[in-house]
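Let me begin by presenting the structure, written as structure tokens, before commenting on it.
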Amino acid sequence: MVLLHVLFEHAVGYALLALKEVEEISLLQPQVEESVLNLGKFHNIVRLVAFCPFASSQVALENANAVSEGVVHEDLRLLLETHLPSKKKKVLLGVGDPKIGAAIQEELGYNCQTGGVIAEILRGVRLHFHNLVKGLTDLSACKAQLGLGHSYSRAKVKFNVNRVDNMIIQSISLLDQLDKDINTFSMRVREWYGYHFPELVKIINDNATYCRLAQFIGNRRELNEEKLEKLEELTMDGAKAKAILDASRSSMGMDISAIDLINIESFSSRVVSLSEYRQSLHTYLRSKMSQVAPSLSALIGEAVGARLIAHAGSLTNLAKYPASTVQILGAEKALFRALKTRGNTPKYGLIFHSTFIGRAAAKNKGRISRYLANKCSIASRIDCFSEVPTSVFGEKLREQVEERLSFYETGEIPRKNLDVMKEAMVQAEEAAAEITRKLEKQEKKRLKKEKKRLAALALASSENSSSTPEECEETSEKPKKKKKQKPQEVPQENGMEDPSIPFSKPKKKKSFSKEELMSSDLEETAGSTSLPKRKKSSPKEETVNDPEEAGHRSGSKKKRKFSKEEPVSSGPEEAAGKSSSKKKKKFHKASQED
């Protein structure tokens with residue numbers, strides 16, 4: 001009997017399921033199709049043998065890449081070798097992907113089957129998977145699939161933020177719309193303010209400058225010599241400023257109320273802000289085009305190149321277009337009208353706005369437009385598919401167009417394309433090396449800054465974490481020092497050596513003589529048995545026979561000890577101690593006098 005198992009790959013892990021006999025399943029294929037939708041009937045056909053969950057999202061991505069490439073991952077190998085029967089001839093494994101089935105059959109030796117009833121079983125498993133695996137909900141399964149799908153797509157598609165052409169499409173569309181709006185609003189300001197100061201329209205032609213002047217002047221009767229300097233700043237022409245001042249004194253315009261002037265000034269300020277935003281947007285578009293399509297920008301200009309990209313839909317679509325399509329791009333209406341009426345087709349579309357076609361003679365406009373479209377197609381392909389974008393090729397292509405234009409006018413033979421491209425390749429390699437070196441420097445600087453920041457954070461965190469243990473150590477060291485001081489004081493009292501105390505006072509010698517004599521008399525009379533008793537009774541009564549060690553003791557403490565030791569000694573010992581001490585005193589005085 002051949003056992004049929006089904007392998008199901010999910011975003012959360014691998015699942016191995018067992019089915020009934022192959023013959024029985026194949027005979028009941030219509031019943032299988034019906035029972036797939038019903039969970040109860042599906043449980044009678046399929047049972048879960050093993051489930052191997054992925055440890056992390058990175059492991060899930062690795063397994064997904066392996067399955068898509070037809071490679072048996074170690075996790076899949078471990079699952080199949082562990083849970084499938086050892087007799088491989090009696091096992092039939094159903095898989096959804098023929099590539100992974102062929103890899104399993106080649107590496108592990110299991111017979112694999114795809115299609116037919118296996119596809120229906122996998123459809124049912126996919127539908128009821130969250131019910132087959134314990135602890136898995138439909139929501140968590142959907143989240144896992146979504147996350148794995150995003151990570152898998154990011155790995156497959158090389159996405160570069162700096163090469164996004166969507167911003168160029170939106171920017172050029174907004175720029176065209178702003179031009180229309182600024183023109184319309186400026187005409188409205190001219191008509192509105194013209195009732196009060198009609199002579200200003202004839203003096204100033206620029207819309208933005210007119211709106212600034214209308215905002216600054218306001219009531220023309222208030223214009224005087226003091227405002228002449230500001231007028232020169234706005235018009236950037238002293239003669240025009242003087243003419244405006246003279247015209248305001250003899251203007252034929254009607255008077256206007258204050259509320260009307262407020263509305264005119266408010267609307268003029270809006271138009272001025274729109275014109276300023278238009279300038280900043282144009283600067284942004286130029287910088288974006290130099291990043292995304294530097295060769296096309298160098299060849300035909302930022303505005304025309306952006307319009308070509310926007311009309312094509314993307315830089316990739318523009319690179320796919322042939323030169324004939326690029327030539328008439330933007331003139332589709334005229335093209336289809338000419339085809340319909342069997343007239344002459346247009347010679348150029350959006351590329352007409354470039355300076356080359358305007359400089360060419362009437363008979364050469366078609367020829368130069370065809371040549372320019374060819375170079376634009378090459379430049380767009382270089383920009384689209386080059387790893388390091390550079391404007392070297394665009395500059396060389398522009399030189400070729402200039403040479404062709406001069407050839408049409410003067411007959412001067414241009415350089416060959418092969419020589420120009422060889423020169424461009426050398427310069428492009430140098431420019432690419434320079435760009436990569438700059439990028440590496442920037443990356444190194446960024447990494448250094450990041451390391452410094454992390455080191456500062458680590459130092460601050462270590463200081464914060466070590467502040468509390470240090471406080472604990474300080475508090476614990478204080479009682480330890482007190483404990484250490486006690487035994488240090490005891491030997492000083494008992495007559496231990498302390499080199500820090502100077503040997504200067506003569507009183508210490510007197511006390512030392514008394515102590516030494518008493519200790520010697522006690523040793524002679526008491527014998528060996530009396531010494532341990534004395535130590536047990538009072539440890540402070542221990543004496544030191546070395547005169548150097550005993551000389552360091554303080555006089556007051558020794559007197560106290562001597563008074564304490566008097567009752568301990570017996571009567572005859574006491575008398576002997578007194579007599580010996582008197583003799584010692586006399587001897588000590590004689591030694592001092594000598």
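Each Cβ is built from the backbone N, Cα and C atoms, and glycine gets one as well.
Note that this is a predicted model, so its numbers are computed, not measured.
If you check Swiss-Prot, you get these features:
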CROSSLNK  LYS87  SUMO2 cross-link
CROSSLNK  LYS230  SUMO2 cross-link
CROSSLNK  LYS240  SUMO2 cross-link
DOMAIN    292-410  domain 'Nop'
MOD_RES   SER314  phosphoserine
MOD_RES   ARG359  omega-N-methylarginine
COMPBIAS  457-469  compositional bias 'Low complexity'
REGION    457-594  region 'Disordered'
MOD_RES   SER466  phosphoserine
MOD_RES   SER467  phosphoserine
MOD_RES   THR468  phosphothreonine
MOD_RES   SER511  phosphoserine
MOD_RES   SER520  phosphoserine
MOD_RES   SER537  phosphoserine
CROSSLNK  LYS540  SUMO2 cross-link
MOD_RES   SER563  phosphoserine
CROSSLNK  LYS564  SUMO2 cross-link
MOD_RES   SER569  phosphoserine
MOD_RES   SER570  phosphoserine
MOD_RES   SER579  phosphoserine
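Features per Swiss-Prot, on structure.
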residue	record	Cβ contacts under 8 Å, 6 or more apart
LYS87	SUMO2 cross-link	none
LYS230	SUMO2 cross-link	PHE216
LYS240	SUMO2 cross-link	ILE203, ILE204, LEU231
SER314	phosphoserine	ASP165, ASN166, ILE169
ARG359	omega-N-methylarginine	LEU405
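In this structure, the residue listed as 'omega-N-methylarginine' is part of a helix by DSSP.
Secondary structure of the domain 'Nop' (292-410), assigned with DSSP and counted as helix (H, G, I), strand (E, B) and coil, comes to 92 helix, 0 strand, 27 coil. Classification of LYS87 (SUMO2 cross-link) by DSSP places it in coil, neither helical nor stranded.
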